[in-house]
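According to TrEMBL:
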| type | residues | note |
| --- | --- | --- |
| DOMAIN | 7-308 | domain 'FAD/NAD(P)-binding' |
| BINDING | E36, K44, Y48, I88, L123, D290, S331 | FAD binding site |
Amino acid sequence: MTQADIYDVTIIGGGPAGLFSTFYSGLREMKTKIVEASPQLGGKLNVYTEKIIWDIGALPPSPAGKVIEHLVEQAKVFNPTILTNTKIISIDRGTQDLFILTAENGDKHFTKAIMLATGYGILNPRKLAIEGAEKYEVSNLSYTIQGLEKMRDKIVVISGGGDSAIDWANLLEPIAKQVHLIYRQGELKGHESEVTRLNNNSVMLHLDSEIIELTANEDGDKITKVIIKQKDTLVEQTILVDEVVINHGFESEHELFENSSVGLEKIETHYVAANSYGETQVKGIYAAGDIVSYDGKVHLIAGAFHDAVNAVNQIKMYIEPSAFNRARVSSHNDKFSDKNQELVKIFFA
Ligand SMILES: Cc1cc2nc3c(=O)[nH]c(=O)nc-3n(C[C@H](O)[C@H](O)[C@H](O)COP(=O)(O)OP(=O)(O)OC[C@H]3O[C@@H](n4cnc5c(N)ncnc54)[C@H](O)[C@@H]3O)c2cc1C
């Protein structure tokens, strides 16, 4: 390990909390690294890239994919080190007050402070419990929709009955040839307004039903029919399909907390105990975003930004005790003088 390998802050998680923390940490002149387990930055927003986010102050209603683009641009302003495909599996103490983060590939990362921005952990979609279903993931079985246009004039079967499945059904209804929504319960579990919308449009709702079989084309590489079964009547129905979308929720991995030796306290399965300044019970480790839960916490993107500012300011004071306890407002900040042209391009493009 050389001095160059040591960062002031290493941010684990590349969602809104991690990306905004990266920007803010640069603003406070800390040497910053952000590490993300998945191949792309953006966190949970990657689950709903096509959906419109309305509730980020001052931003016009924007698809989540666009919000990711803005967050990433902003995070890059102070040239941080950005690593994707880097899953951190443990945090341990090293010498000289350093922490050592170990990645799944064995790489070690050395840092003075840590920002946990891991959301609800690494999310993996709950898979369709039908043998062999995984081979269609490269053709017409998906767990998130990346591009509504792919569904134009297609027959789409969506399995699930929560907010996400209902939203997709409503979004696809005017685009697809026909949308079928299959749900194993007798009542949908979504926002009332979206359920009402669904009940009044052409989506074909199959309640108390589930997919029991997939039939493929002659080459065996694409689903052409799904067979569903109604659980009370046991009646089976065959539906011709072009695309199958499964929305059965997510399972989250928490290996990081299970393996780490630093003594982070869990208050639920996925939250780390931290106060509203992002301080965990381990000095030098801070947290922001969905991972934290304190009185008044807002589990939304706006809440993640608020947490990031507080936690980064705490980190600055941890690393440099004489530092001011908050950044000056960015609009008066000299650091931006040579960045202004770049920023103008980003935000007013
Ligand atoms: C369907 C849906 C719609 C939503 N709509 C809105 C909305 O309209 N408005 C709004 O404000 N909010 C909305 N939200 C909530 C919003 O997405 C979250 O509040 C926000 O993403 C939280 O950001 P985060 O950075 O804390 O966590 P996340 O976005 O979950 O990011 C955490 C990141 O950490 C990574 N990570 C976890 N563990 C590790 C590890 N060990 N090593 C490396 N990386 C790791 C994960 O892979 C992930 O990328 C919605 C959420 C969902 C699911």
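Every residue, even glycine, has its Cβ placed from backbone N, Cα and C.
Owing to the predicted nature of the structure, the values given are computational and were not obtained by experimental measurement.
Features per TrEMBL, on structure.
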residue : record           : DSSP class
E36     : FAD binding site : coil
K44     : FAD binding site : helix
I88     : FAD binding site : strand
L123    : FAD binding site : strand
D290    : FAD binding site : helix
S331    : FAD binding site : helix
With respect to ligand 1, which members of the binding-site residues I88, L123, S331 satisfy a Cβ distance under 6 angstroms to one of its atoms?
I88
CB neighbours of I88 (FAD binding site) within 10 A?
26
Express the predicted model's confidence over the domain 'FAD/NAD(P)-binding' (7-308) as a mean pLDDT, rounded to an integer.
95
Are there any residues in the same chain, six or more apart in sequence, whose C-beta is under 8 angstroms from the C-beta of L123 (FAD binding site), and if so which?
K44, V47, F250, E251, S252
Check each residue in the chain of Y48 (FAD binding site) that is at least six apart in sequence and keep those whose C-beta is under 8 Å from its C-beta; list them in sequence order.
A64, T144, S164, D167
Identify, among the binding-site residues E36, K44, D290, the residue whose Cβ has the fewest other Cβ atoms within 10 Å in this structure.
K44
